[in-house]
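Just below is one structure, and these are the notes that go with it.
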Amino acid sequence: MPRKIILDCDPGIDDAVAIFLAHGNPEIELLAITTVVGNQSLEKVTQNARLVADVAGIVGVPVAAGCTKPLVRGVRNASHIHGETGMGNVSYPPEFKTKLDGRHAVQLIIDLIMSHEPKTITLVPTGGLTNIAMAVRLEPRIVDRVKEVVLMGGGYHTGNASPVAEFNVFIDPEAAHIVFNESWNVTMVGLDLTHQALATPAVQKRVREVGTKPAAFMLQILDFYTKVYEKEHDTYGKVHDPCAVAYVIDPTVMTTERVPVDIELNGALTTGMTVVDFRYPRPKNCRTQVAVKLDFDKFWCLVIDALERIGDPQ
């Protein structure tokens with residue numbers, strides 16, 4: 001039985017890879033793509049979601065735009081990583097085949113969760129958590145109906161938006177605090193894991209060998225991404241967001257530890273930090289777990305297989 005997910009994202013180059021993976025893997029039933037301000041403005045990330053849906057040949061999956069700004073803070077973006085469009089240097093068609101759902105993303109999330117059987121939908125946020133927090137506040141009953149939240153965000157060893165805070169949590173820590181403190185199960189796929197998901201030359205060669213238009217698109221954005229990382233960070237591109245989707249497909253793609261997690265909201269130097277408590281004894285009723293180690297080969301095999309299954313959509 002395919003796992004039903006709602007992918008709440010801010011495309012974003014690595015979000016695009018996550019969309020390809022979710023669409024191309026038969027173990028996933030992609031119920032919706034919802035967008036939130038993050039890597040770029042809401043307008044730009046929504047445009048990018050429609051572009052990627054067109055490239056991947058996604059039909060019949062609603063795409064809806066969500067929150068334009070965090071719950072209480074100002075807007076920050078990551079144009080220095082993803083470019084001014086949020087999707088590197090790709091070109092855009094005069095119009096998109098993929099039409100926007102008329103509902104706000106938060107309402108679409110609520111509608112889908114409330115209309116499906118309880119514990120059948122996994123939320124996969126790969127951007128800031130504003131939409132998810134808003135959905136919880138508008139319709140608290142969704143918490144008991146969601147199977148799990150598997151998010152890309154946070155980190156227990158290092159940050160990227162600050163020395164200790166990861167970007168997705170940093171841009172809306174109040175939303176993250178809401179999501180992590182609800183009574184649902186949360187798997188945090190953070191920087192400690194995603195920094196292992198490198199788009200190495202060997203990986204890019206495998207993408208090129210797929211030989212389809214979606215593969216060429218992915219190669220183009222990964223090339224842009226890698227050049228930015230090589231210049232700014234002296235490393236290969238770190239493909240964060242598809243790691244969360246990969247976990248839903250096959251949890252053995254990474255190892256996790258069940259530990260308490262909370263969000264720092266008031267620190268002079270630590271706002272947005274995901275505070276992970278590895279001390280023993282561990283709480284028996286702990287609802288949060290953090291990803292630790294990635295099976296690199298298994299992860300990239302999932303991505304390449306999804307690309308091959310997508311083929312060349314008409």
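One is the number of the first residue shown, and numbering goes on along the chain from there.
Keep in mind that glycine also has a Cβ here, set from the backbone N, Cα and C atoms.
Taken from Swiss-Prot as is:
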ACT_SITE  H240  active site, proton donor
BINDING   D10, D15, T126, D241  Ca(2+) binding site
BINDING   D14, N160, E166, N168  substrate binding site
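Apart from D10, D15, T126, D241, the residues listed for Ca(2+), the same chain places the Cβ atoms of L7, C9, P11, G12, D14, A18, G38, N39, G127, M152, H240 within 8 Å of the centroid of those Cβ atoms. With respect to D241 (Ca(2+) binding site), the closest of these binding-site residues in Cα terms is D14, chosen from D14, N160, E166, N168. The number of other CB atoms found within 10 A of the CB of N160 (substrate binding site), across every protein chain shown, is 19. Listed in sequence order, the residues M152, G153, A161, F167, L191, T194, H240 complete the 8 Å Cβ shell around the substrate site centroid, once D14, N160, E166, N168 themselves are left out.
It is 16 Å from the Cα atom of E166 (substrate binding site) to that of D15 (Ca(2+) binding site).
When the recorded positions D10, D15, T126, H240 are compared by Cα distance to N160 (substrate binding site), the shortest distance belongs to H240. Of the recorded residues, the residue listed as 'active site, proton donor' and N168 (substrate binding site) place their C-alpha atoms 11 Å from one another. Cβ environment of D15 (Ca(2+) binding site): C9, N39, V45, N48, A49, V52, T126, G127, D241 lie under 8 Å away, each six or more residues apart in the same chain. If you take the Cα of D10 (Ca(2+) binding site) and the Cα of N168 (substrate binding site), they are about 10 angstrom apart, rounded to a whole number. Within the same chain, the residues at least 6 positions away from D14 (substrate binding site) whose Cβ sits under 8 Å from its Cβ are T126, Y225, K238, V239, H240, D241, P242, listed in sequence order.
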